[in-house]
Structure formats: structure tokens, C-alpha cells
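Beneath this line is the structure, given in C-alpha cells, with notes to follow.
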Amino acid sequence: MPSRALTMGIIFVSQTGVGFLGNILLLLCYGFLSCTGRGITHMDLILHNLIVANCLVLLSKGIPQTMAAFGLKYLMDDFGCKLVFYVHRVARGVSLSATSLLSGFQAITISLSSPEWMELKVKALKSIRLSILLCWTLHLLANSIVPMYITAMRERSNLTEKKDLGFCSGLIIDRSISLLYSMMFSFTDVLYLVLMIWASGCMLFILYRHKQKVLHIHSKNLSPKCSPETRATHSILILVSTFFCFYALSSFFTFYMFLFDKPSWWLVNSTALMGSSFPCVSAFVLISRGPRVSRLWYTCGTKISDLYKWVRA
């Protein structure tokens, strides 16, 4: 096996394993918080769907890419390839939708503090379940055409009319049709990104205005603590910034790859690696920045430390 293939396989295994483990641990933390009676907030519902979507992205892309890197690129049949690409596209779209919804609803939560806006705030929070359902439905329907252009890799097949996608192959279609599909898929992505940027800008403006008020009220000798909403807003802003950076890189590599009918091995693998970076990193951003999750980990660590000291005593 070439050294480059071995290196890429190890990278995909590490990224998929670490990212999936982080997302599962985060999901278990929220499940434990729910079972212990601490309750699940409206924002937690969006986070649950984001975590599930990230897990699906890692599994549907990381495992097949690892197989292909280790030379097992001919194991999947047509149905397997179509299913994997469809799941990946849907999960990627839901991950984008959930991140933008998270930033949008958080902006509404911290901005509508006056009594006359409270009714709108309550209605917005009540619509979270419906918004999540619509996101899944939209991406399930919009990506239903993807399996039509995906086929399995075959050792003796003629690849003159097919594009090598690593572990599967895609049909080479007319440039005008390809451009039409790209515009259709990009429209919803751009819409969610605009919502994300708008919400992030609103949150930054609100936090800046709040900071000015705090500095005006409190003396220089006092150091008031941040409110839970402020800490949650900081976490979401970091999450959105991380997503935007990785999404921009992933979109650039994807667009560049589709310019070629026969993309290079490095380009295919780099595109897959960038596409799975946010699902891997986001779990650890949420674990480190989420106040309730951090307290849970601190409590568990304290209990384990006390138990270890008791056993050694």
C-alpha cells in the first residue's frame, strides 16, 4: 500500500473515531441531564438534531473514505453508494440548517427582552420543533435526485463517462444541467448562511451594547459575572465561526473538484476531509463551552477523583 494512502487512511480513521466519540459523549450528557430531571431547553432540541446530523456526516463519509484509502474501494454496490451519498447530503444539509437555526433563535432569545416582544419570543420558541421537522423534510426531498447520479466503483468498468469520487463514482452530466443542480443546492445553503451571519451580527451588537451598560452601571472594582444567556451566546458565536470557516473551505474544495471531470486523488480526499471537519470539532466546542455540560464533566471528574482517593486509602 502506498504511504500516501496509508497516511490518508489513518487521518480519516482518527477524524471519524474522535469526532463520533465526541458527539456520542455529548449526546449522552444531554440524555443524562434529561433523565436527572434537569430538563431540556428549546435550544437543546436543536443541538440534539445537530449532533445526530454530525454523527451521520462522519459515518457516511469517514468510513467509506477510510475503506477507499486502504484499497477497499470496490466493496460497495450501487445501492450502498446511493444510500451513503444520500445520507451524507441530507445530514450535511441538516447540520447547516441546525447551526443557522441555533444562531437565529438565540438572537431572538437575547434581543426580545421588552414586554411587548415577549409574545413573539414565546411563539418563536414554540416553533422550534416545527422548524426542525421542516429542515429534515426539505433536505430529504431536495437531495432525492442525488442517488440518480451515483454508481458503484467496478474494477473493470469503463470510467470514461464516470467521475471517480473515492469509493463510488458519479455520472458525468452536461455542464448546464450540472450548473442548474449546483445553483439549486446552493440556494438553500446561501439562505441559511445569510441567516447565520445576520443572527451573529445581531448577537454581537447586543453583547456590545450590554457590555457598555454594565460598564456604566458597575464600578471598575467590580467584575460582574456573565449571565447564562451571555455564556450561551458566546458558545453559539464560537460554534458559528467554526462552522463558517470549515464550510467555506469545504465549499471551495467541492466547487474546485466539480470543475474537473477527473479530479485528482488529493483533491477528492481533501474535499472529504474538509467536509467532515466541522462535525468532528463542533462536539468538543460544545463540550468545552456548554455551561451545563462543563459542570456535568466537572462533577463526574470530582466523583471519580474522590472514588480513586477512597480506593487508595
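Every residue, even glycine, has its Cβ placed from backbone N, Cα and C.
As recorded in TrEMBL:
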- 22-286: domain 'G-protein coupled receptors family 1 profile' (DOMAIN)
- 12-33: transmembrane segment (TRANSMEM)
- 45-63: transmembrane segment (TRANSMEM)
- 83-108: transmembrane segment (TRANSMEM)
- 128-152: transmembrane segment (TRANSMEM)
- 190-208: transmembrane segment (TRANSMEM)
- 236-259: transmembrane segment (TRANSMEM)
- 265-287: transmembrane segment (TRANSMEM)
| request: Please indicate, using numbers and ranges, the residues of the same chain that are 6 or more beyond the transmembrane segment (83-108) and have a C-beta under 8 Å from a C-beta there. | output: 42-43, 46-47, 49-50, 53-54, 56-57, 60-61, 64, 76, 120-121, 124-125, 128, 131-132, 135-136, 138-140, 142-144, 146-147, 150, 167-168, 188-189, 192-193, 195-196, 198-200, 202-203, 206, 232-233, 236-237, 239-240, 243, 247, 275, 278-279
| Mind checking which residues reach the transmembrane segment (236-259)? Cβ under 8 Å, same chain, six or more beyond either end. | 96, 99, 102-103, 106, 178, 182, 189, 193, 196-197, 199-200, 203-204, 267-268, 270-271, 274-275, 277-278, 281-282, 285-286, 289
| field | Intrachain residues whose Cβ lies under 8 Å of the transmembrane segment (128-152), provided they are six or more past its termini | value | 42, 45-46, 49, 74, 76-78, 80-83, 85-86, 89-90, 93-94, 97-98, 101, 105, 162, 165, 168-171, 173, 181, 184-185, 188
| Could you give the mean pLDDT over the domain 'G-protein coupled receptors family 1 profile' (22-286), rounded to a whole number? | 77
